[in-house]
Structure formats: C-alpha cells, structure tokens
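To start, the structure under review is shown below, and the notes come after it.
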There are 2 protein chains.
Amino acid sequence: MTGLDRKPLRLAIAGLGTVGAGVIRLLEENRALVEARAGRPITIAAVSARDRTKDRGVDLSGFAWCDDMAEMAKRDDVDVVVELVGGSDGPTLALARDTLAAGKGLVTANKAMIAHHGMELAGTAETNGAGLRFEAAVAGGIPVVKGLREGASANAIDRVYGILNGTCNYILTAMESSGADFGETLADAQRLGFAEADPAFDIDGVDAAHKLAILAALSFGAQIDFESVEIDGIRRVRAADIAQADALGYVVRLIGVADVEQSTAGPRMLQRVRPCLVAKDHPLAPIDGPTNAVVAEGNFSGRLLFQGAGAGDGPTASAVVADLIDLARGDAGAAFSVPTQQLVAMPKADSGARESRSYIRFTVADRPGVLAEITAAMRDAGVSIQSLIQEGEADGADGVLVAMVTHQGPVRNVRAAIEMLAGSDSLTDDPLIMPILRS
Amino acid sequence: MTGLDRKPLRLAIAGLGTVGAGVIRLLEENRALVEARAGRPITIAAVSARDRTKDRGVDLSGFAWCDDMAEMAKRDDVDVVVELVGGSDGPTLALARDTLAAGKGLVTANKAMIAHHGMELAGTAETNGAGLRFEAAVAGGIPVVKGLREGASANAIDRVYGILNGTCNYILTAMESSGADFGETLADAQRLGFAEADPAFDIDGVDAAHKLAILAALSFGAQIDFESVEIDGIRRVRAADIAQADALGYVVRLIGVADVEQSTAGPRMLQRVRPCLVAKDHPLAPIDGPTNAVVAEGNFSGRLLFQGAGAGDGPTASAVVADLIDLARGDAGAAFSVPTQQLVAMPKADSGARESRSYIRFTVADRPGVLAEITAAMRDAGVSIQSLIQEGEADGADGVLVAMVTHQGPVRNVRAAIEMLAGSDSLTDDPLIMPILRS
C-alpha cells in the first residue's frame, strides 16, 4: 500500500433522510473496519439537504453544508457524491450527470433514476473514467447487484425474478395470516410504518418494476428498458383470493419476473410485475413481511437466491457503503458489468404468446346461467379449466365469487376469454388474473 | 481499454475431474460473455491430471499437457493457476505456494487447503502482489465469499451460520420425507451420487467445518482457526429423532455456526458444526436436498441469506470462473478482505458457558426407575426440562427412546448431566444432544 493510496476517499452526501443519516452513522460506528477493508479512510467533506436545522440524530458540524447540492459536483474536496435525494429527474438527475461528467464517482440508492436514465449515466461514467454504483437501488441491503454483476458473472442468465417490494410483501403476508382484506391491511401497514402515506408507487408495482428493469439489464447484458415492463399491482387482491390460493397449495406474492427468449430476430426480453400464485414448496413462498428475495437462474450456477431486508436505513446504508468501499479499493468497473456499448437493445417479447397456468377470479351476480356464460367464454377462447370453485357466500356485498385455475395454455387465450365477458352484466367486478409462478 | 489490458488472462488448470472439465466447458460455452465481463479473453494454456488418456468430454488438444503440475507455477505462458486437485498438503500445497511466490494468481476450490493454510497462502499472495481467490471452496456456486468479503463489507458481522454440506442436507431431508433410518438413507444417497463411496468427510462434519472456518475468518476479520472448530456429524441421528423434532415443530439440519463474543481480553470466537433442531419457520428450515445456504448477521444489513447449489461441476465452475473474471478485471484485493497482518487471532470461546435449549435423546433399558435416574441427573446438574417424551415402542432393538427438550441454560450443565449418566447400565447407547438453533 503506497502513501498515495492511503489518501481518504472524500464524500459529499446529498440528502439527509433516514438513509443519509444511516450512512453517516455507519461510517462513524464501523469506521475502523470500513477503513481496513477500503484500504484507506472514507471521510465526509460536505452534506446537503432541504432543512439545515432539523435534528437527524447525527453530528453534522464537521462537514461543509451545501445550500445547493449542485455544487457538490464541482467541489475540489469531493471524490464521490452519494445521492440519496430521490426523484428520477430534475435537480437529482442534473447532479448525477454533473458528478460523473466531472470524473467523480456516484453512488446512489435511486432506483427510479437508474431505471430511467441508467444507460445514459453509465455511458457518462465510462467516458469520464468515473465509478457509478447503485447496490442500494435494488433490494435494500441485499448485495444482489454485486451478486449478479460479479458473483454470477460466469453465467448466461435467462431468467431473474423475485420479491422486490417490501410493502407489498408485508401486506400480502399480513392478509395471509389475518384473513383481513386489502384496505384494512394497508391501513395497518401505514400505521406501522411498512407503507407510505401515499402508497401508490409500492402497491401499484412501479417500485418493483424499477428494480426489475435494473436486475434484467444486469442479468441479461441488456439495455435497461423500464418502459416495456408490464405492471400490475396488488390493490385488487382480496382475502378470498388468498384463501382460495391457500386451499390450492399456493401463496400470493407480488413477483417481478424478467426473462429472455431467443428468436430469429435476436433475443427478446419480457419483464412483468404482478401478483402471482407461488407453490408453497417454492423458495419464495416462505418469504414473509418486508423481506426481499431475488432468484437468478444461471446456465452453470443453477438457481441462486439472495434474501434479506429490502429497505430501512441500516440495510440501505450497508449497501451504499459497500459501494463506497469498492470505489475506495479502486474497483470502478463497468456499472452494468460490460461497457454500455456492448449492452444489447432487446425488443419486448409478446407476453400473450407465453404459456402459463392462471388463477382467474370472477365476482358474479347470484343467478342461474352465469357459470355457463363464463365457462362458454373459456371454451370459445380455447382456455382449458383445471379446477373451478364457486363460493356460495358473497364476498363483501358485490356478488358471488367464482375462482378457477386453468391448464397450461397461451396467456392470450385467457385475455380473449376475459375480453368476451367484458360487456356482460353477469360480472359485478372486473376479473382478477394471477399467473401461477413457474418453479 | 488499452491494448495492454486486452491481453488474454492465461490459465493453467491442475486437476481435470468433473469440476476441471466443467471449467473448460464453461469457458467454451460462455466464451463471449466471459470475455465481455472480464474485459479480455480468458484462455487455457496448460492442463494437468493423473491420466492423460481418459475421456473427459472436453477437447484438450489445444492445451499444453503438464506431466508434473508443479511446472505450472514456472511457466511463462501462465498468469493464473486454477487448482482443482484437492488435498490440503503435499504437491497441491506446494503448487499453491510456488504459484503465489512466482507472483501468479491462484484460484482454488480447495476448502481443506484454505482452512489449513489460508493464512500462509494469503500472506504469500500479498508479499508477491498475486491474487488469491477461493469462491468455489465454500458453498459451491453460491457467491457467498464475495457476498461477505465485498457485499457485506460495511458491516461488523458477529454471527455467520448455515447449511454447508449438501450430502448431509440431502440425507437429513430424505430421512425426513421417507421416515427411513440413517444407514439406509446413506446407502440410497451413495447410489444416487449424493454421497461419496467414502462419506466420512461429509457425514462427520469435517467438510462443513472447513467451510465454516473460512466463512468465520471472512466475516469477523479473524485469522482462520480450523483446529478450534467443535465438530459433530450426523451418523447418530435416527429416524426417531427427526420424528420427535417434527412433533415439536422443528426439522433437523447439520448447521455450522460461528460467532464472536467480546471479553475483557478481546474477542473470542466459537465455531461449531453439529446437527441442530431448526424451527420450521426459520429461513433455513425449508432448505432441502443438496442445497446450501449461508446466513450472515451484519450490524447494519441485518440478516442476509445466500442460497444455491452447494456442489456439482456446473455451480463450482461458475464460482471458479467468477474469480477468474475478477482477476482479469484487475480486482486482486485482499483474499480475506483486509491484509493478513490485520486479521485478528481470536482465542476459542468456551462453548460450555453458552446458554442454549437442547434436545437430548436417550435409549434406555425398558425397566422401572430409569426415568427417575435420568431426571435426577438432570436435576443434580441444574438442567431444567421443558418437555419429555418416553416412547413405549423400542427404536430398533436397542431399547426404549426417551427424548427431552431443556429450558434455556448453560451447555456445560447438560454435559455434566450426561457425564453423570455415563456409567449407568440403564443406557443402552450414548445419548444424542442436538441444540436448538437460536433464530
């Protein structure tokens, strides 16, 4: 270790929410081991946040305060900017661009920004010899970005999937154990801090989709394509669906799945986030509460699973500082494992052509002929029904529940059947389709 | 990328068993992606094995053949030696020493050699600026060495544990589902290729202990201390024990656990491998078959779990080549995450002083007074019994089975009770103690 190498890695931290404060706390509490593993001290030169006076439980007096975080990219006393502000565009994106353009490292927990602008930022990083790292953007404290980029680097991966949103997993598993319905459970989760006051990003699947788009790019050597992710959230999952799934040997989880199919025109990528039925003996079935888990299937490694806390200040700070230690050690290799020019633009595969088994739940008027109407539509669309349950009792006040599981068949046939039934006044609510996760 | 950087990384592969052949196959099948991620080609210059004529299903004609693998360390056309021969000492250790002393990289799957000589080899690597990597030595294809060394690098870890031997896990979970006894299940496992013809290293816990010693050093920043691992294998676990555990809400798994306790004299380390009762809702309980899983508890990350195939040519080759890609990228940081001089020598903690709940199974003569004798010994040793089951039916032909679970208490008290009973002719076999894994 030369004298030069022992120069500290000097940070500017933009954003002092719970994660920013967590990073400061970690660098203080674990100072000796961080320095030993990094091979040199990691110090904080400057910080920035909206409110300078707020008590964050950490001592900021030793750090320069930046009223405008934009200046962090220009400071001579800063080697790496740690971006913990959030927001995919605006001043956050400007800071990221300027930091990398200035040849400084950027470590971020910002999944939305990477999902939308990751290719551009990785390109800027390459051009300027700067390190770009975002372990904290996916699955909190789980080192899955490193696991895919480096740990599984010898493999062609053609499928990556997992439980990527702790709020949804908390809600679904709480519904599972309590039997309560979605609205009530969401309210509980908000009270307990497992869901935001505005939970839309989480429960509508957008947060999971951001993470999935990043994982897919890393796994497949593909360009990030957030726009093509098919997204369906968990708002419409009912207690009755979870009970039916249980009776059939499944649990319900919000699953993000990305895979690659080969076609004569080259590889196509399919990325989907939606509630799925997961067989009780699948490794993702026991994952409960706000835990995240990611499965990657490598052509030599076989199935790898990474599991841990998907959010929280401690786990996220752990991921941020692991990135910083890599940069301090001089490991600033390609952010997406290969140079951006080598990342392949993969068109979206046709999800309708995929074969799947599906769970379909209807809520229907309690009168004769309804079941005949539904099963006729299934027959006409070529959907083969494996099992069907009609619950005599009404689910809430909106009708009788009819749940079925189909045989393996093209997804487009199920969609066609639902389409046929769309105008029917026999249905008192839109049907809910949940695919059965292939093991 | 400069022209210089594009020079191939040139390998010599010592050992052409299934793993060696797997590495050759991987480098062929995944050539393009390995080169893209490594930033340069990875080529094979030379190979070595006992039998030159054996058909291994891979084409060796393009590689130099070394009759004596020792020459690999001296060849000018070799940058990295891949050691897949096995054996902790002898010619294998000599090759490892010479390779690193010559400033060449060493990638090995050899857990025994690293467990016994890892400190010396890491020191030699440092002195000579050579890279030493051993991802494949622990838990097959799971990137857990990287996960601990780099992914969790921001954390103080005070406990690491897991299912580290696929053969034992296969046998225990097969016993669980079939109800068959150990001997019969081992024979099945041997027939199916899940156990070696000489299974002692696996079923007596030595293989798991090698891996545990490596994980402990990585996790705690400690010097490897294989000699102090307390080892107990699975030979004495009976079908009846698994049935009792099941009735109590547990499964039986061979678990390696290492932890650090602080004392006034500095940190002490305790490393133990033994069959444990694992609560059915613990993340390790659903791990079945030859799968491995490692849990690390970081002070910021919380509980991280890494899971995958613990052995096999594909997974092991995946781990070997991931190490090679790191070396090709120029990431040859400290093998144990910090320079060897900074690794702390941690004396062994006293396992007897630990508090635990324990499962104890006796096989006893079927006559009056035996239960009184056992419970008196427990009382005299200060062991508090939480539940006790006496099975009327004999287990095999060797006596009646008495199983109990103790309340939390010092392990030394349980040992003292067993000691008191050691001479008794009421016992028809040595008692079996299995601790209940703390969650």
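Note that Cβ sites are derived from N, Cα and C of the backbone, with glycine treated the same way.
Automatic prediction, not curation, is the source of TrEMBL annotations.
Predicted, not measured: the structure shown is a model, and the values here were computed from it.
Lifted from TrEMBL, the feature list:
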- A:Lys211: active site, proton donor (ACT_SITE)
- A:Ala14, A:Gly15, A:Leu16, A:Gly17, A:Thr18, A:Val19, A:Gly20, A:Ala21: NADP(+) binding site (BINDING)
- A:Lys111: NADPH binding site (BINDING)
- A:Glu196: L-homoserine binding site (BINDING)
- A:359-439: domain 'ACT' (DOMAIN)
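Taking the features listed in TrEMBL, we show where each one sits on the structure.
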residue  : record                    : Cβ within 10 Å
A:Ala14  : NADP(+) binding site      : 26
A:Gly15  : NADP(+) binding site      : 24
A:Leu16  : NADP(+) binding site      : 23
A:Gly17  : NADP(+) binding site      : 14
A:Thr18  : NADP(+) binding site      : 15
A:Gly20  : NADP(+) binding site      : 26
A:Ala21  : NADP(+) binding site      : 21
A:Lys111 : NADPH binding site        : 27
A:Glu196 : L-homoserine binding site : 14
A:Lys211 : active site, proton donor : 27
Rounded to an integer, what is the Cα-Cα distance in Å between A:Val19 (NADP(+) binding site) and A:Lys111 (NADPH binding site)?
14
When you rank A:Lys111, A:Glu196, A:Lys211 by Cα distance to A:Thr18 (NADP(+) binding site), which of the recorded positions ends up on top as the closest?
A:Glu196
With DSSP as the yardstick, break the domain 'ACT' (A:359-439) down into helix, strand and coil residue counts.
23 helix, 31 strand, 27 coil
Where does A:Glu196 (L-homoserine binding site) sit in DSSP terms: helix, strand, or coil?
coil
Name the secondary structure element type, per DSSP in three states, that contains A:Gly15 (NADP(+) binding site).
coil
Give the mean pLDDT for the domain 'ACT' (A:359-439) on the 0 to 100 scale.
91
Beyond A:Ala14, A:Gly15, A:Leu16, A:Gly17, A:Thr18, A:Val19, A:Gly20, A:Ala21, what residues of that chain have CB atoms within 8 A of the centre of the NADP(+) site's CB atoms?
A:Ile13, A:Gly22, A:Val23, A:Ala49, A:Arg56, A:Leu84, A:Val85
